[in-house]
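*Asks:* For reference, the structure I am asking about is given below.
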Ligand code: NAD
């Protein structure tokens with residue numbers, strides 16, 4: 001019997017758009033079950049973000065949502081965006097809400113694990129011998145770089161042409177703080193860190209490389225290497241097992257973490273954690289709102305469920321509960337249950353809801 005704690009964890013739920021509400025429902029049901037089983041008390045508060053928030057309030061990140069998040073112990077986010085809001089002005093786009101949440105909570109470090117599960121070897125588009133054993137952590141800088149740099153905008157020129165501008169900028173302190181997170185992450189893993197940049201062309205990347213190299217003197221137990229981003233993309237699909245921990249900026253990390261995701265077979269399997277210096281972290285799947293399958297009970301809820309497990313481990317200090325969830329995910333895969341995105345021959349096809357049900361049975365069976 002696990003002794004109950006007095007603490008009630010306040011969790012802000014941001015289901016968002018598309019498949020978001022479907023996969024969030026599964027994750028919340030799993031958390032409630034784990035809470036009962038492990039005597040962990042949760043208080044869930046749902047808030048609006050993305051397109052759902054635009055429809056209800058006109059803003060993709062209403063002030064009260066940010067405030068609710070700030071007051072909580074952790075934020076569990078599903079996904080935002082969809083065709084309906086694609087043509088709105090930038091300030092009203094769902095993605096602007098996501099960027100606002102990250103900067104509003106000071107979440108500068110995004111941890112994205114890409115681990116291949118033996119049960120899903122066949123779901124990868126790469127050969128099994130290439131991906132078997134892949135276990136990569138991408139540490140992506142999240143609040144700087146070209147997504148936030150100024151000047152930015154579309155400007156009218158005197159000759160009548162338009163000029164689109166985004167600015168890639170990093171200060172030394174921004175590089176150092178993400179570098180520290182990356183070196184410390186590598187220390188807890190395989191002790192190898194690959195820093196990815198474009199220092200052969202971009203000054204901002206040269207500063208990145210210089211600072212990371214200097215920082216490495218404080219982490220003699222971590223073996224540092226550097227790759228240009230184009231080569232890194234190539235190496236990720238050519239020989240992914242060479243990587244342990246990767247650190248890179250916002251734009252390169254956005255792209256490389258999706259490529260790393262596909263090594264594992266489906267983007268529907270991958271969780272992430274976004275952390276700041278203090279305050280609540282945001283835990284969310286790597287994938288988007290999948291508008292092509294929204295509302296059809298086809299979504300894979302496992303990335304959302306594994307995000308809830310990351311929340312328990314990194315945000316709430318409940319590693320045993322996290323482990324229970326992760327083991328249940330492996331158990332249902334062992335039992336052969338698959339959503340469409342990870343389906344392979346001979347397996348049992350299930351929808352989003354049924355995947356939730358078999359997961360809960362697996363958790364109950366582990367009691
Ligand atoms: P996406 O990740 O939503 O979808 C890419 C492909 O993967 C689609 O075929 C989709 O059906 C599939 N997929 C994604 N998640 C899945 C799941 N859980 N189960 C099964 N299949 C899944 O990326 P996209 O199509 O480029 O973007 C769609 C919308 O999502 C856009 O509006 C985009 O801006 C937004 N988006 C949001 C986030 C976020 O919320 N963090 C991230 C990326 C994209």
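Each residue, glycine too, has its Cβ placed from N, Cα and C.
As the structure is a computational prediction, the values presented were derived from the model and not from experiment.
These came from TrEMBL, pasted as-is:
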- 102, 112, 140, 230: substrate binding site (BINDING)
- 230, 254, 258: Mg(2+) binding site (BINDING)
- 10-359: domain 'Isopropylmalate dehydrogenase-like' (DOMAIN)
- 147: site 'Important for catalysis' (SITE)
- 198: site 'Important for catalysis' (SITE)
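Could you place the listed features in the three-dimensional structure?
*Replies:* According to its DSSP assignment, residue 140 (substrate binding site) is in a strand.
DSSP gives residue 230 (substrate binding site) a helix state. The local packing around residue 230 (substrate binding site), expressed as other Cβ atoms within 10 Å of its Cβ over all shown chains, amounts to 13.
For residue 147 (site 'Important for catalysis'), the same-chain residues lying six or more positions away in sequence with a CB closer than 8 A to its CB are 99, 166, 250, 251.
Other Cβ atoms within 10 Å of the Cβ of residue 198 (site 'Important for catalysis'), summed over all protein chains shown, number 21.
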*Asks:* Return the member of 198, 254, 258 nearest to residue 140 (substrate binding site) in space, with distance defined Cα to Cα and candidates limited to these recorded positions.
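*Replies:* Comparing Cα positions, the closest of these recorded positions turns out to be 254.
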*Asks:* Between residue 258 (Mg(2+) binding site) and residue 112 (substrate binding site), find the distance joining the two CA atoms and give it rounded to the nearest Å.
*Replies:* 9
*Asks:* Cβ-Cβ under 8 Å from residue 254 (Mg(2+) binding site), same chain, 6 or more residues apart: which ones?
*Replies:* 140
*Asks:* Give me the count of other Cβ atoms within 10 A of the Cβ belonging to residue 112 (substrate binding site).
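*Replies:* By my count, 23.
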*Asks:* Output the one of 102, 140, 258 that, of all these binding-site residues, has the highest number of other Cβ atoms within 10 Å of its Cβ.
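*Replies:* The most densely surrounded of these binding-site residues is 140.
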*Asks:* Could you check which of these binding-site residues, 102, 112, 230, sit within 10 Å of residue 198 (site 'Important for catalysis'), going Cα to Cα?
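*Replies:* The binding-site residues close to residue 198 (site 'Important for catalysis') (Cα within 10 Å), listed in sequence order, are 230.
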